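Among the features that Swiss-Prot reports, domain 'Deacetylase sirtuin-type' is placed at 2-243, with the record citing sequence analysis. Among the features that Swiss-Prot reports, NAD(+) binding site is placed at Ala28, Thr32, Phe39, Arg40, Gln109, Ile111, Asp112, His127, Thr188, Ser189, Asn211. Among the features that Swiss-Prot reports, nicotinamide binding site is placed at Phe39, Ile111, Asp112, with the record citing sequence analysis. Marked as active site, proton acceptor by Swiss-Prot on the basis of sequence analysis: His127. Per Swiss-Prot, Zn(2+) binding site is recorded for Cys135, Cys138, Cys148, Cys150.
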Amino acid sequence: MDSKRDEKILELVKILKNTKYLVFFGGAGTSTDSGVKDFRGKDGLYKTLYKDKYRPEEVLSSDFFYSHRDIFMKYVEKELNIKGLKPNKGHMALVELEKIGILKAVITQNIDDLHQVSGNKNVLELHGSLKRWYCLSCGKTADRNFSCECGGVVRPDVTLYGENLNQSVVNEAIYQLEQADTLIVAGTSLTVYPAAYYLRYFRGKNLIIINDMDTQYDGEASLVIKDNFSYVMDRVVKELKKIQFGKTLKNI
């Protein structure tokens, strides 16, 4: 066993054991074990051009959607297809933390719907979800097709580059961050704004960062774990359950 790895995990367990109000803030890295492509990792989507011509940020912009819908739809189908994806151990660990009563809210930058599929109840989607599509003409919920039965254009219920976030979701996310005594941030480089800015509203005691690369908040964190999100959270929940069922845990 890796003693340093275990030491970090046990430290997180100790923090969660004394946590009353946990909020989770996650990015693409929380879903990579489910088959979702990362964005800014070394092999992420943003490292390559689509059709050797378009930057992903360009394709996923509001302007591009309206001017090149066919290319936009093909890109989403090829690179952002969420059909058949299943929650990983990290997602399921968050469900267990919610059942235990520690986790109060999941704030996600992801658009894959995996937190809801896994069973989390209070999920705040900052960027929307690819599971939902709607008609721009009649507003009716629609299938993932080019047009609605009314003849209108259909688009995904996600925030594209150049668009504002849903303010009601933002307000609730800020409220949850303000209430938390512990915040776990995982699977995100914290470079996407304005979403990353909202962490400034956290005033709690414990900021935990779980990521495979450095973030701008590492220096402010109580604990930084550079490891796989799914592995860490699965281990943490198993150790917490040992405590819950009266088993002793070394160093806790």
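Note that Cβ sites are derived from N, Cα and C of the backbone, with glycine treated the same way.
Sequence features, as recorded in Swiss-Prot, placed on the structure.
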{"residue": "Ala28", "record": "NAD(+) binding site", "DSSP (3 states)": "helix"}
{"residue": "Ile111", "record": "nicotinamide binding site", "DSSP (3 states)": "coil"}
{"residue": "His127", "record": "active site, proton acceptor", "DSSP (3 states)": "coil"}
{"residue": "Cys135", "record": "Zn(2+) binding site", "DSSP (3 states)": "strand"}
{"residue": "Cys148", "record": "Zn(2+) binding site", "DSSP (3 states)": "coil"}
{"residue": "Thr188", "record": "NAD(+) binding site", "DSSP (3 states)": "coil"}
{"residue": "Asn211", "record": "NAD(+) binding site", "DSSP (3 states)": "coil"}
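Counting only residues at least six positions away in the same chain, the Cβ atoms of Leu80, Ile82, Glu125, His127, Gly128, Ser129, Leu130, Pro156, Val158 sit under 8 Å from the Cβ of Ile111 (nicotinamide binding site).
Closest to Gln109 (NAD(+) binding site) by Cα-Cα distance, out of the binding-site residues Cys135, Cys138, Cys148, Cys150, is Cys135. Reported as a whole number, the C-alpha separation between Cys148 (Zn(2+) binding site) and Asp112 (NAD(+) binding site) equals 22 Å. The binding-site residues shown are Cys135, Cys138, Cys150; of these, the one with its CA atom nearest the CA of Thr188 (NAD(+) binding site) is Cys135. Each of the binding-site residues Ala28, Cys148, Cys150 was scored by other CB atoms within 10 A of its CB, and the lowest score goes to Cys150. Taking the mean position of the Cβ atoms of Cys135, Cys138, Cys148, Cys150 as the Zn(2+) site, the remaining residues of that chain whose Cβ falls within 8 Å of it are Leu136, Ser137, Gly139, Lys140, Ala142, Ser147, Glu149, Gly151, Gly152, Val154. Of the candidate binding-site residues, Cys135, Cys138, Cys150, the one lying closest to Ala28 (NAD(+) binding site) when CA atoms are compared is Cys135. If you take every residue in the domain 'Deacetylase sirtuin-type' (2-243) and average the pLDDT, you get 91. Separation of the C-alpha atoms of Cys135 (Zn(2+) binding site) and Asn211 (NAD(+) binding site): 37 Å, rounded to the nearest whole number.
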